[in-house]
Each structure stands twice: as structure tokens, then as C-alpha cells.
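J.: To start, I am sharing the structure in question, which I have written as C-alpha cells.
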Amino acid sequence: MVASRIMWYVSTRGMAPRVDFEGALFSGYASDGGLFMPEELPQLDRETLCQWSTLSYPGLVKELCALFIGSELIPKDDLNDLIDRAFSRFRHREVVHLSRLRNGLNVLELWHGVTYAFKDLSLSCTAQFLQYFLEKKEKHVTVVVGTSGDTGSAAIESVQGAKNVDIIVLLPKGHCTKIQELQMTTVLKENVHVFGVEGNSDELDEPIKAVFADTVFAKKHNLMSLNSINWSRILVQMAHHFFAYFQCAPSLDTHPLPLVEVVVPTGAAGNLAAGYIAQKIGLPIRLVVAVNRNDIVHRTVQQGDFSLSEAVKSTLASAMDIQVPYNMERVFWLLSGSDSQVTRALMEQFERTQSLNLPKELHSKLSEAMTSESVSDEAITQTMGRCWDENQYLLCPHSAVAVNYHYQQMDRQQTSTPRCCLAPASAAKFPEAVLAAGLTPETPVEIVALEHKETHCTPMRRGDSWTLMLRDTIEDLSRRWKGRVLNASQ
């Protein structure tokens with residue numbers, strides 16, 4: 001496997017020029033509205049998988065990034081340093097840890113980062129890559145993020161104090177948990193700007209879409225996004241699946257290699273897209289998508305019905321209360337054999353009518369690649385309770401969505417394949433859900449300390465023009481950066 005040649009990225013909609021990893025990192029969406037994907041997927045052979053099987057989680061991230069970035073852009077030594085730096089503040093020495101619990105339950109804890117959620121993993125790496133390229137070019141970017149809870153705090157954490165990056169976060173006032181909100185509003189760094197919006201997370205996306213849609217403005221102010229449309233996040237998230245596989249596969253001596261089932265709790269489908277790409281490049285995993293009552297991905301897998309429901313339903317697994325799982329576009333593109341014309345037609349129809357029936361052939365490929373389930377709040381709290389009773393182990397509600405599938409299979413005595421459930425967040429972030437399950441929350445010291453910290457958050461009220469407030473803030477930050485550059489050069 002040679003990792004030196006440059007990897008090119010193309011848009012799933014086929015109308016944008018191809019870019020290298022740096023181009024994909026700074027763009028978010030492609031100019032034709034599509035998402036970036038590798039032009040060619042490398043194929044990992046048995047020998048490579050056996051070599052990788054002994055690697056640590058950071059080691060796997062290094063190998064995958066080398067493969068998908070290319071040493072011409074980031075030399076291997078630099079890349080390894082960036083990834084070590086990204087993971088230096090994680091609380092667990094393995095960075096990601098597998099808990100082996102009773103009755104064959106494997107829980108992969110992706111939440112040992114500063115904000116106790118899986119997004120710390122990909123965002124800390126993404127922020128290091130950003131700063132690497134920005135420092136080389138002495139450039140500045142303004143990151144604009146809308147958050148339903150976890151993305152905002154992880155994005156703030158990853159870039160706080162960086163000299164070449166300002167970050168603006170819009171959070172839905174009263175729609176995040178108290179802890180999530182405090183993790184954002186207590187970071188009083190000069191480059192962090194938090195707005196509390198009187199609306200839900202779909203409504204606060206509108207002003208963000210508006211500033212990015214003004215391409216002249218977005219280019220002039222070097223705007224970028226850090227949500228899971230960003231390819232760099234998908235890339236790092238592929239490592240979860242490799243690590244899960246190597247931790248749970250019984251032995252790699254059999255021909256063909258053994259299968260492992262990976263249960264992915266999903267909202268915007270970033271972890272799912274990452275798992276499907278891992279599968280496509282040769283990792284022998286079977287994917288199970290687990291969603292809450294917002295079940296568009298489940299309906300798509302089961303019936304080919306990719307259409308919006310009436311409204312977002314509020315559930316205990318709030319970070320997955322999402323109606324538009326935009327990373328499914330990446331999955332559709334791969335299913336269609338990288339056919340951007342097919343993908344563009346599908347996505348444009350979905351954007352026009354908010355409803356789409358997948359063509360038969362695509363749907364049958366999708367149901368070969370993965371199975372799915374949708375879980376009620378009642379099943380979430382039952383699963384949390386059962387896991388506690390059997391293991392004295394607290395699950396967050398999103399992790400419980402995945403573990404629910406394991407218990408269902410086990411109760412039907414269907415347990416031949418080893419299975420790994422991804423745990424995206426720590427139960428410590430969701431005391432409300434833990435209480436709803438009749439259990440006692442355990443709150444780490446760092447989180448208790450948030451209560452007593454000073455906070456800063458600018459309100460965006462119902463009558464305000466949110467887009468105008470956002471534009472003004474962005475222009476102000478650009479002016480400040482130019483002032484700093486002038487001062488430095490004098």
C-alpha cells in the first residue's frame with residue numbers, strides 16, 4: 001500500500017472541480033451542493049488488515065489519514081505529530097476503550113475526550129489539520145457551526161485559543177441539555193463567539209445556510225463549517241470501525257476473515273457513512289443502523305423511503321433528533337457505483353419535494369449493506385436499566401439505542417456473530433435521561449465545576465434578523481484579523 005500519491009476528492013453531484021484533501025477540508029460542501037468523496041477508494045488486502053490489527057486507536061487514525069491525505073500534502077512525521085497532539089487531552093490512555101460486558105455485550109466508548117462525546121475524536125484531528133495548513137499560509141478562517149448539542153462544544157474545544165481561527169457557534173436556547181450549553185458558554189477565549197438562538201436546531205441552520213449561500217461573502221471572509229459534512233471528520237470516524245473490528249474479531253487466521261457486526265447509533269449518518277466506506281475498502285463488518293423515533297434512515301433501509309416526516313420528534317436521544325441525515329448522500333453515491341448523475345438527480349428531487357423513493361436496485365444494494373432498527377424512548381430507558389442491572393454500567397441514551405439492538409438479538413438467541421455497539425457519548429452528559437430510566441446520575445468533577453464558571457452568550461431573539469447579526473459578526477472578525485496582521489507587519 002503506497003500512501004505517497006495524492007488522493008483526489010470529487011463531489012457526489014459531479015459538477016464541481018476535484019480537490020485535494022486540503023481543498024475538501026476547507027470547503028465543507030462542494031460548490032455544486034454535493035459532498036466530497038475520494039475519487040478512488042483504496043483496497044486493503046488481508047495482509048494490510050493483519051498488520052493493522054495490532055495498532056492502537058491513534059495508530060489506526062494515522063494509517064487511515066496517511067492513506068487518504070497523501071504524504072505530499074502532510075509528510076508522515078508531521079501527520080503523526082498532529083494526531084498525537086489532537087489526542088493529547090483525552091482522559092483514557094487508549095483514547096477509545098472497549099468495555100466487554102455480560103452476555104456478549106461489547107461497548108466501544110468513543111467519549112473519553114474533553115466534552116465527553118465522540119465528536120472530540122474527529123474534531124480534534126480536523127482542527128489540527130486546519131491549523132497546520134493555515135499556519136503554512138498565514139491565513140485566517142472563521143468557522144461557523146450550528147449545533148444540536150455536542151458538535152458545538154467539541155468544535156469550540158478543538159480550536160479554542162488557536163490564533164488563525166475564530167469560531168462562531170449558534171446553539172438552540174433551551175433545546176440542549178444544561179451541561180451541553182455550559183460546555184459552550186463557559187469557554188471565554190478571544191476566538192470563541194457563542195450565540196443563543198430562540199429556535200430549534202433546524203431553524204438556526206437557516207441563517208448559517210444564508211451566509212454560506214452568499215458565495216462571494218463566504219469566500220471573502222474564509223468561512224468554513226465543521227459539521228459532519230466535512231470529509232475530514234468522516235475520515236477519522238472510519239477508525240472507530242477498524243478498532244471495533246480488531247477488538248471484537250475472534251481471530252484473523254480464518255479464510256475468509258471473520259465478520260463483526262457494528263451497531264451504529266445515528267443522526268446525521270456521519271458514523272454510518274464512515275462505516276460503509278470502511279466496509280467498501282475491505283473491512284469485513286456488517287452494519288446495523290440504530291435510530292430513535294426520528295426514523296428516516298430506518299425507513300430508507302427497510303423500504304427505500306427517504307422522505308421527511310411531519311416534524312422532528314423530541315426524544316431522550318436528543319443529539320439524534322434529526323430529520324435530514326445529509327451523509328446518506330455519500331452512501332447513495334457509493335451504492336450507485338460513484339454515479340454522480342444518479343446521486344444528483346436523487347438529491348435534487350429530495351430537496352425539491354422532501355420525499356424520495358429509492359430506485360429498486362439502489363434499495364436492494366442498501367439492504368445488503370446494512371440492517372436497521374428504530375427505538376422508542378421506552379425501549380431506551382429499559383435498555384439503560386437492564387444494562388445497569390446486569391453490569392452496573394451506565395449507558396447514555398444514544399448508546400442505549402445501539403445496545404437495545406444487541407439485547408433484542410440476544411433474547412431471540414441470535415448471537416453467532418460477534419457484535420460491537422458504538423457508544424457516542426458518556427451518560428454523564430445526560431443526567432435527565434439517566435433519571436428517566438430510574439437510575440442515579442454520576443457526574444464527573446469537571447462537569448460539576450461548569451456550574452460555577454462565568455458564561456458568555458449573545459442572544460438571537462425571535463424578532464432579530466439572525467442572518468444580519470451573523471454577517472456583522474463575521475465582518476467584524478475579519479476586520480480584527482486584518483488589524484492584527486497589519487500591527488504584526490509594522
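Numbering starts at 1 and runs along the chain as it is shown here.
Keep in mind that glycine also has a Cβ here, set from the backbone N, Cα and C atoms.
What you are looking at is a predicted structure, and each value in this text was computed from that prediction instead of being measured.
According to TrEMBL, the protein carries these features:
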type    : residues : note
DOMAIN  : 9-87     : domain 'Threonine synthase N-terminal'
DOMAIN  : 112-404  : domain 'Tryptophan synthase beta chain-like PALP'
MOD_RES : Lys119   : N6-(pyridoxal phosphate)lysine
J.: Within 10 angstroms of the C-beta of the residue listed as 'N6-(pyridoxal phosphate)lysine', what count of other C-beta atoms is obtained when all protein chains are considered?
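T.: For the residue listed as 'N6-(pyridoxal phosphate)lysine', the count of other Cβ atoms within 10 Å is 31.
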J.: The domain 'Tryptophan synthase beta chain-like PALP' (112-404): mean pLDDT?
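T.: The answer is 94, the mean pLDDT of the model over that range.
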J.: When secondary structure is assigned with DSSP, how many helix, strand and coil residues does the domain 'Threonine synthase N-terminal' (9-87) contain?
T.: 38 helix, 9 strand, 32 coil
